[in-house]
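For 336, 337, 338, 339, 340, 341, 342, 343, the entry in Swiss-Prot reads ATP binding site, with the evidence type sequence analysis. The domain 'Smr' feature in Swiss-Prot is assigned to 707-782; the stated evidence is sequence analysis.
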């Protein structure tokens, strides 16, 4: 896409806002490289990539990327034999630390979601290398500014010797400094350092009283810094130890640099991935500031931007407009008052296209749709080269000529005040001719104009639609609302009347323009009202359709999870059953062995075929395929509404609510209502009522089969549970559902422990996915 277009649309300002949201130079470099793509797959991938991170950013607290920095120059230097210092090694360490923290965050999120919700990020995380050993080595040997003493045994030994020798020197010099006879001879009673040697400040006139080496003097010459002979050898020893320390330090740094060199490829991958993560998070942060949404990209040409607004304008005052090229429309002509928002509309459309094709979420409501353009061309007034001594018309025309030379069917062209700056009749004719030409090219076009001739242009050409910006005659100011499909109308009479012009003059003027034009203006006014109403209805309809689709997708997903969960439970039960049968078979083999021994040794009258038959009866119990009860009954039970039945495929009891034809029935199992085949139902006998004493209860209310404890405090929940179970027993319920939610699991644990001890509870289990999953406990009452 031409840089000239990006400059006109102020895309660099958008990039600067995104750059402000980055943490590292790596992220800022990615922002600077950001440019609109034109390949469909690339654009869609970039948008999905940004949308994934935005979803995560809006739901979770992301780990900090602070300290992330570019390390590729350091890795290169390490690879060619250079030695990295401690600060540079710490930059390497921080990169590894940042990537490990982010990967840990992602793995925790993956564990919570129990599935891969973000495939693009998942792929990036899989590409992150394992650099634990390198991190450990650097972390154990380098602190923020230097090597740790324990970086090696040799270094620790050398530094220990330096410390002990320094202590002896200090003690020696302290004795000299604190000697009463030396107080007047010293400039200050301190020990200081000159040229890496411990010295004392001696007044120049007392030089002869101190045997030693002069290393420095004050600017005035009145103080000499002397190293007494008593510490010269110890200072020499420290110098030698410092040299040894430097050698050992260099050896350790060389060793660590070698580890960096060995992991050079992995470090470059980590740098690339984490730089991209920083870049994507910056996109997500910026998207939040503009309430950006993800558009859907279409192979066919389309533009639908519900309630779009210009992201560089003040969000509190900017007016959002729906911009749409409906059906086969290829050209939209906008008319309306000057400063009414026509140019802003052009720039909004162009900038949103550029943002979307750069992988940025766009400032519209959900549900936007876009096709992908190879180029966006602009001829917008405030960009013209007036300084080149060209007239306004010449400047426009020079730019238009360049556009017409390059545009094709994959282009979007934005014309501002097409044909302006010359004779109105010639300008209007040129404008229509130019529009005819670009229509033949197949480009999509949006143009603004103040020529009334162009209002009629759309009525005798296919694929052309009028639009206008609204003007409020009550306030005598533009509303900046865009009305798609409605041409601009003259407001001269209304404005004149508002300003107090005589009605006689206005009525006389109306007779001069004829009834046809008056009727057209009235028709346009009616269209304005209808357009605004239809626009809002379209947005609301899109929202409802989108919500319905989301609900459908969520239910489909939950149903699939339920099926998977049911399958896993069945397989688990199958495995347990098989293990029990195996155990029983093994035990039977042992019994058979003992029986044979009895027969052989004691002459027991036991026949072999009887033993084999008994063993086969046990073998027949072994279930090799599935535990699910696919029971094929030779004769189906006669089922009626109100019958109590056992659902064979699930092993659960229920009540028939109604029959659906001759083959299906609606069955209530607890809180779940399902349509099931009659062949899957087995009629059960209703339990006989035990004779009980009649207890009269006043104002008794019918209680539900479930108790919702969400929001209760722990003690309150258990008290409520006790009362509910008593009422459920009195109501002869066989099974009830306790809803405690998932949360931290504390309430679930408390409820289940309480049920274990409760006298009225036979047993309990966790809820199936279709019953509420882990957020529900199902209790069977005695």
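Every residue gets a Cβ built from N, Cα and C, even glycine.
Neighbour counts were taken at the CB atom with a 10 A radius for the binding-site residues 336, 341; the maximum falls on 336. In this model, the domain 'Smr' (707-782) carries an average pLDDT of 83. Taking Cβ-Cβ distances under 8 Å and a sequence separation of 6 or more, the neighbours of residue 342 (ATP binding site) in its chain are 334, 335, 336, 416, 448, 469. Residue counts for the domain 'Smr' (707-782) under DSSP, helix first, then strand, then coil, are 35 helix, 19 strand, 22 coil.
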